[in-house]
Amino acid sequence: MTMSNQFNYINNQLHAEDVSLSDIAAVHETPCYVYSRAALTEGFREFSDALQGREHLICYAVKANANLAILNVFARLGAGFDIVSGGELQRVLAAGGDARKVVFSGVGKTRAEMRLALDAGILCFNVESAAELDRLNEVAGSMGKIAAISLRVNPDVDAKTHPYISTGLKQNKFGVAYTEAVALYRKASGLKNLRITGMDCHIGSQLTETSPFIAAIEKILLLVDELASEGIALEHLDLGGGLGICYDDETPPAIGEYIAALLGALQGRTQKLILEPGRVLVGNAGVLLTRVEYIKPGEEKNFAIVDAAMNDLMRPALYDAYHGILPVVREAHAVQSYEVVGPICETGDFIGHARELAIAPHSLLAVMSAGAYGMSMSSNYNTRPRAAEVMVDGTAVHLVRERETVPQLFSGEKTLA
Ligand SMILES: Cc1ncc(COP(=O)(O)O)c(C=O)c1O
Ligand SMILES: N[C@@H](CCCC[NH3+])C(=O)O
């Protein structure tokens, strides 16, 4: 596990920047997501520094963490956004993001979502099928607008990641088939309400090597050249997101190393470079704070039953994903091995297996690397209100999302008359 340097022990107390997580729990209670503004900013700056001198746009992938405060931090740093729904577009706009820096990915864009995005004036639609090209052409025409498009090409490259988050193989639902891409560009060039601006490719998430990215670029560039020879020139290349982080013992390339590899493969190419990083910008900038409710010694295993559950962080249940779990206060209890589990009625409701921890009832734990695909994938299963979210900025603690209340959860429901 690699911790952001914004989460540190000071006097045996885990801190986010200058604030102890115990103090945050005392005020905001648990479960609670805690983000570090400095960690978010550092990650973004690593990207922009590495890309200096190259025309580029960093479109943060909103799905990784869509809290308005996080979007606002990135918007202030000049980020664009990669969205996959009309809802994400509305969040970006509400957070002060610039629609002209938005790219819209996703295999199932509805007409209403297309209209919303055309009205807002987004930068580009990443079109994922022939049928979507026709629909977008029709919707744009009905509004008297021209839609800027790139085709998301599926390069059929193995991202060597968890099969559920691999997107660039031909058996995956994403993008247009590599072998059909040129024909579809020809088709798009004949549709009068579309304007071809780029090519897009995103092969998967939590990649820990650069080689799949490079293999995808090499394949994409062959298509770019073929299109150029037919007089279809592209203004930008969007290489998606996908750079992984260290949750356990993975050794992903650093941001600078990843960018250097991409730029190496793009030598001699002058198109503007768009990237869509999600996890690598927010993953290690956030933790999930939770409290031990009960210690339950079992016949085979000891259970630490905590107040966070799979509805708060579903990655362990969904992907068997590993998240580091650290005591918020280093206390003098006996170290034991625990199954760290939530209160939900599912055997798959676990946060971590066999963790060596010195804890007692009421101890606080920090589930690490929880800033990406944590809150954004949370649910209300078991009628559990979603957690509060706070952002630390130096010594300041901002509540950036209130804890949900139970009445909010059923406010839209009705009993029969
Ligand atoms: C189209 C697209 N772009 C960007 C991302 C962001 O990916 P990551 O969080 O792995 O950087 C995703 C998610 O995998 C995606 O589907
Ligand atoms: N939800 C996934 C990443 C999905 C990426 C979506 N394209 C995760 O937690 O790792």
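Even glycines carry a Cβ here, placed using N, Cα and C.
Unlike curated records, TrEMBL annotations are generated automatically.
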Margin query: The pyridoxal 5'-phosphate site in TrEMBL lists Gly242, Glu276, Pro277, Gly278, Arg279. Which one of Tyr35, Tyr164, Tyr373, Tyr381 belongs there according to the record?
Written below: Tyr373
Item checked: Cα distance (Å, whole number) from Lys63 (N6-(pyridoxal phosphate)lysine) to Glu346 (substrate binding site) -> 25
Notebook entry, point to check: Of Gly242, Glu276, Arg315, Tyr373, listed as binding-site residues, which ones have a Cβ less than 6 Å away from ligand 2?
Noted result: Arg315, Tyr373
Next item on the list: May I have the list of same-chain residues other than Gly242, Glu276, Pro277, Gly278, Arg279, Tyr373 whose Cβ is within 8 Å of the Cβ centroid of the recorded pyridoxal 5'-phosphate site, in sequence order?
Entry: Ala61, Lys63, Ala64, Ser205, Gly241, Leu243, Val280, Leu281, Ala372
Notebook entry, point to check: So which of Arg279, Arg315, Tyr319, Tyr373, listed as binding-site residues, have a Cβ under 6 Å from an atom of ligand 1?
Noted result: Arg279
